[in-house]
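Each remark here refers to the structure printed beneath this line.
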């Protein structure tokens, strides 16, 4: 016979193996070798936490009591998974794209990140799961007792409560150790999931082993077993049709709403494509789990004495046959079922409690909230650990209060119907944009209240919480409010009755209130996001960035995400914005990203609240809504802004290029000018030096020679002086420092003076029209005559005709006077015409050796006098036109 | 001509993919109906349908559902690997539920 000590030893070894597996898996995941861990097989096996001790022990008991009805519990989830395209896929996609951490988080996110709703769902989930955890405690306690009964050496303590307490404490310790190793729920508990997958294999193998033993070892084959089933008290189809269909619906609903199922189905999902395997493999798993239940139940009923607990047939049938090894395996299977359920359920619940209840309260108590120094992560961790202990304690209390004698399946169904109250709000949120927060709250409240009254409170048994009189006659004698016969309608199965009324009123309230209330902008945004998750998987802009201090955000997120991860996040964001260092601009996109990262640690509502404490509130304006609704318009606006900006840039660049060209030209001109100047100065200086050296060093020079050399030196000195004078003159003119001596004078007199100055010795024939020249001027007469002198001197110097002549033609038209100087030479080549007014430009080898500054000076003078001087082509020789403005004319003429 | 043939081939593939998705959507509905058929069976401890027959029926339907959904999921996966999956149709809810 098996000793109890051996059993406990095996249990501890098994737990140690599980822990080692979980530890190794986490190590592998950290090293990045998680491709095997993240395989669809592991995902499917982890879904099998649906099969708890209820399935392992309870299903046989259920079958022994009610025949094939136990199958409804597995048909419902199978259909849900087979129909994954309807809802499961959408839930997983939303969970991944919104970084959802729990079912409460999903509803809170969907309904405008409402924390009130999250708290409500959390409370509902905790209360709904409590009987379920009690069920696990009860099953493990019972299985210990069953083993102890066969071990004469150990006297099992009469008080099974003590065993249950030890089991609860052990499970709490185990879960805390397993489940709160890392904070970000979206980092996924690789270790836990792998351990659960192993447990899934153990419980399947154990149940199959017992089943095969019963069918082929005891029963003698399939046909004989079937015949025995037909011959037993369960041999004919006896089914309350309401229960058959009602339980299929209930189990399908619970599969979607149970916090632990949501945890493994959505939160721990590594890859959406794993669903493809799970959709057939999970129903297959469920089918195998339920395959041998009926044979075991019938064999147990036939073999064991009347009054044995049918919930323990899986264990007691092998024990009765003396198969201790098989019984041990079976015990391990049941132990696996119970532990895996408790671990995942309490992880899921503790996440919900810490994110939606503890953190908001903590933030409120610590007034300044997110800005308090210290690591928030410790608070979150502590909250989760305490929540795990609390959840298990509640389960233990339920076990104590309910007396531990109820059928496992009955307890489980109470639990199912409790969490199924979430279904209307969940499906409404996923598929109906009109669902509102108030509608969800009211629906949940009504459904929850009815569930409490009709199912939960009576589940403890008469007179424990609800007095037997109230059960029979209704509160205050109101027969219409009897917990198991509302509105006086009797004869419905109590469970179907409770599920029917609670779900009906829940859904109707939800739809009615949703229809007649108006959602807030945030709700509408989130609603559109959730319902149309496949159309666009990005989030709307909720934050008005710019007010936030990046540094404050950094301090806060370091405490939630951990320093390394937060810094990496900020650095990446800064890099994407093209900024150096660790502090990105708090743009709407960045805040969105940050909020979503943090919601993986503390839940959407808390993350939202924390960011809003720093940013100063998220505002969703009508503009935001419109911007989201019409992203195309937004994009177009943005691109037109870009276009305008780029046009502006092109213009600026063009202006810069022009300025640059001008500067380059000026620089070239300056260089040319300097080299010209030095050349011009050098030539006369060379001859002055040479001739003065001759005068100094050569003896016996004749007076005539000395005179000639001296006059050369004198001429060159004069030429230098003239050059310097010209330069000075030009520089004065160019800098605008010249002071004009405006006075009246006659044009013909000015011309006379100029001609007299140049043509003293004749040399060129002059033609003038004195009548046209009789014009009175008011200008700088001396400067004007300087221009004329220059032009006449040029003509005398450069006119290459055999009999040179110069025509001076004066014309007055439209109060503008033009004076043309036209000679009969060969003129100036057209390519040279452009440059003759530039400094140092000379045409041909100058006979008189001018410096080439004359015309440049002329142009500057005329500019000062508000007139012009220009070359006049096509006159049969070189021709210059001087134009004098009207203001130079005497008005009184 | 070769280009035209290629286009036709791709459209045909995505068309078939959508029909496979339709089939996958219909599968749970058919499965539910088949699972509800036991409601029509005769009841009673004496002349009710024998439990062994019920077991054969229910587990038979179950096995067919598992195999069919497995084949459909495999088929869709192969198609997805060969070409992009259409995402336009997926945003709708189940029939009878008020749409957005």
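A Cβ is built for glycine as well, from the same backbone N, Cα and C atoms used for every other residue.
Unlike curated records, TrEMBL annotations are generated automatically.
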Pick from A:93-115, A:139-161, A:438-460: which range has transmembrane segment per TrEMBL?
A:438-460
Transmembrane segment according to TrEMBL, located in which of A:70-88, A:222-240:
A:70-88
So, taking each listed stretch (A:70-88, A:116-135, A:162-180, A:244-267, A:279-304) in turn and counting its Cβ pairs to the transmembrane segment (A:407-431) that are under 8 angstroms, which one gives the highest count?
A:116-135
Counting only residues 6+ away from its ends, which parts of the chain sit with a Cβ under 8 Å from the transmembrane segment (A:70-88)?
50, 54-55, 59, 62-63, 243-244, 247-256, 265, 275, 278-280, 282-283, 286-287, 289-290, 293, 409, 412, 427, 430
When you scan the chain for residues with a C-beta under 8 Å from the transmembrane segment (A:382-401), skipping those not six or more beyond its ends, what do you find?
126, 129-134, 136-138, 141, 161, 164-165, 168-169, 171-172, 175-176, 179-180, 342, 345-347, 349-351, 353-354, 358-359, 362, 460, 464-465
Feature contact check the transmembrane segment (A:438-460) with the transmembrane segment (A:116-135), CB under 8 Å, 3 or more pairs:
yes
Counting only pairs 6 or more apart in sequence, are there at least 3 Cβ pairs under 8 Å between the transmembrane segment (A:6-29) and the transmembrane segment (A:279-304)?
no
Hey, does the transmembrane segment (A:324-349) touch the transmembrane segment (A:192-216), meaning at least 3 C-beta pairs closer than 8 angstroms, sequence gap 6 or more?
yes
Given a Cβ distance threshold of under 8 angstroms, which distant residues of the chain, six or more beyond its ends, lie next to the transmembrane segment (A:279-304)?
40-41, 44-45, 47-48, 50-51, 55, 59-61, 63-64, 68, 70-71, 74, 77-78, 81-82, 84, 88, 200, 203-204, 207-208, 210-212, 214-215, 218-219, 225, 228-229, 232-234, 310, 313-314, 316-317, 320
Test of understanding: applying the rule of at least three C-beta pairs under 8 Å (pairs 6 or more apart in sequence), is the transmembrane segment (A:438-460) touching the transmembrane segment (A:162-180)?
no
